[in-house]
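Working notes, structure below.
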Amino acid sequence: MAPVARKARFVHTDREKEEESSDEEREQDETDEEDEEDEEEEAIKESTRSSFEKDEKSAKEKKKEPITISLKKVCKVCKRTGHEAGFKGAIYIDCPMKPCFLCKKPGHTTMTCPHRVTMEHGVIPAQKRNTRTSLDYLFQRELKAKLPCMVKTQYVIPNQLECGNVRFHIRRITCLEFHPTNDNVILSGDKKGALGIWDYVKLHEKTVYDSIHNCIVNNIKFDLKNEDKVYMASSDGTVSYTDIVTGISSSLLDLNPNGWNGPNTWHMIYGMDLSNEKGLVLVADNFGYLYMVDKCSNKMIGKPILLHKKGSKITGLHFNPARPDLLLSCGNDHFARIWDVRRLESGSSLADLAHGRVVNSAYFSLASGAKILTTCQDNRIRVWDSIFGNLESPSREIVHSHDFNRHLTPFRAEWDPKDETETVAVIGRYISENFDGIALHPIDIIDTATGSLLAEITDPDITTISPVNKLHPRADILVTGSSRSVFVWKPRVDTEEPQSEQLKRKQREFIYGSGNGRKSNGKGPYNDSSDDDDDFGKGGKNKKVTKNVGTKFTHNTTKGKGKSK
């Protein structure tokens, strides 16, 4: 029995050993599982920590760098240190590393430019020819005897602001024209294609026809046989014939009958002039071509004629007032050209007047037609004293600030139609001047015979640039288009009354036009974009105007809409 019991005891011990070993294995497995779980948790923690660090780094990278104020002078033009450029108050400071903005020559800045100190600096009349030709003889015989005595009298300067139509248009003004018989009526076109008619004496009598054209009105010309009708040329490629009383217009010419097919085929009309003797309406487009329209049949005559370089814009046309057969054109190809209308062909110009850059305008003198006045983007006004003389170089070049960037109507120097001596011209100025701490852009009246500045016309309430200016053909009145507003200037009346009494006796009046009081989200038709910056009616500028004693502001709305047939 004893061995059996001993055997049973042995088996029992083996089972205990097996149980102990199994328990150890279980504990080992559990510890292994715990280690694995710990490792997984650590891996997850590390991954989350790394992703958090990455997110933190990316967040730091995305954060804007702190604004640091440096006391070093840094030029915004050339990015160099040691000097500054740009406006400082009412004064514009040039970059000394760049050529002068006014005369385009290196060695000095605009502030120290001698042409800014005296406009006639360096103006030397060109040498005249000693020999006379048959053309000179004909001019002396036929025209000189018919012209009035060329005695230069004291010039009357319209330098006082009389009245204004603030925000008459919803976009910037691009052209102005006076009524041929009613001295008080002014016509204006704008960038949106609208035609404005305003009687500045009655002040509130104004009309805007806003559906005649779809974009920029570049020219307005009256039909002298019917003073209620005007011809208008637009960048939408059409020429319209409009009744200013009813607003009904008809299309004489459409260069884009198939609509928009891309910029390479879209025609825009810039230059236009009328020949009442020949019964022609001449227009020119942005591809260098000239089109002739018969005023009687209102149809185009012949085929387009290439006057300037193919693909270049013709910016202006002007018939000679004394010789209707002569036509003057100017364009983006840096040339102004004289043509004989009786034999208009490509390359048949009588003279080519070379310029340094784009020619904004070119006009014959309005009495004899013997002089030529051009405005070029190289800040030069050029004068040719005789179309029968040497046309290879101008008689004189006048340095004047009218080179601009974008969002402005091009500056054009225009003759004074009342000046019998054919020497006075008016043009707006681009560079501002400091007038008692206010940056103003004057309107310059220039003597083209000497290059001297006769007057610079300013008003502290008008701080915008005035690129469109026109002198009245019969009265001593100047009308300017500044942004969306029209202003009328008259000669200053010097009296012995105190200024306060003058202001009480004579009130300056302004009215608000169709663009007043409209708020825009940037998408509507009253979008007040950067090219229409008007200082009136916005914050401090409006308050500044109301400080003037006796200044009145009234509101009026648009009277009419244009119709077409």
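A Cβ is built for glycine as well, from the same backbone N, Cα and C atoms used for every other residue.
Fair warning: this is a prediction, and the values are worked out from it, not measured in the lab.
Under the heading region 'Disordered', TrEMBL lists 1-63 (among others).
What TrEMBL lists as compositional bias 'Basic residues' is 1-10.
The compositional bias 'Acidic residues' annotation in TrEMBL covers 19-43.
For 44-63, the entry in TrEMBL reads compositional bias 'Basic and acidic residues'.
Per DSSP, the secondary structure of the repeat 'WD' (166-199) breaks down as 0 helix, 18 strand, 16 coil. The repeat 'WD' annotation in TrEMBL covers 166-199 (among others).
Outside the repeat 'WD' (307-349), and at least 6 residues removed from its termini, the chain residues within Cβ reach (under 8 Å) are 143, 268, 270-275, 277-278, 280, 282-290, 355-364, 366-370, 372, 374, 387, 391, 410, 412. Residues or ranges marked as repeat 'WD' in TrEMBL: 307-349 (among others).
Sequence annotations record features per position, and here TrEMBL assigns region 'Disordered' to 493-565 (among others).
In terms of DSSP helix, strand and coil, the repeat 'WD' (307-349) has 3 helix, 18 strand, 22 coil. Here the repeat 'WD' (166-199) has a mean pLDDT of 95 out of 100.
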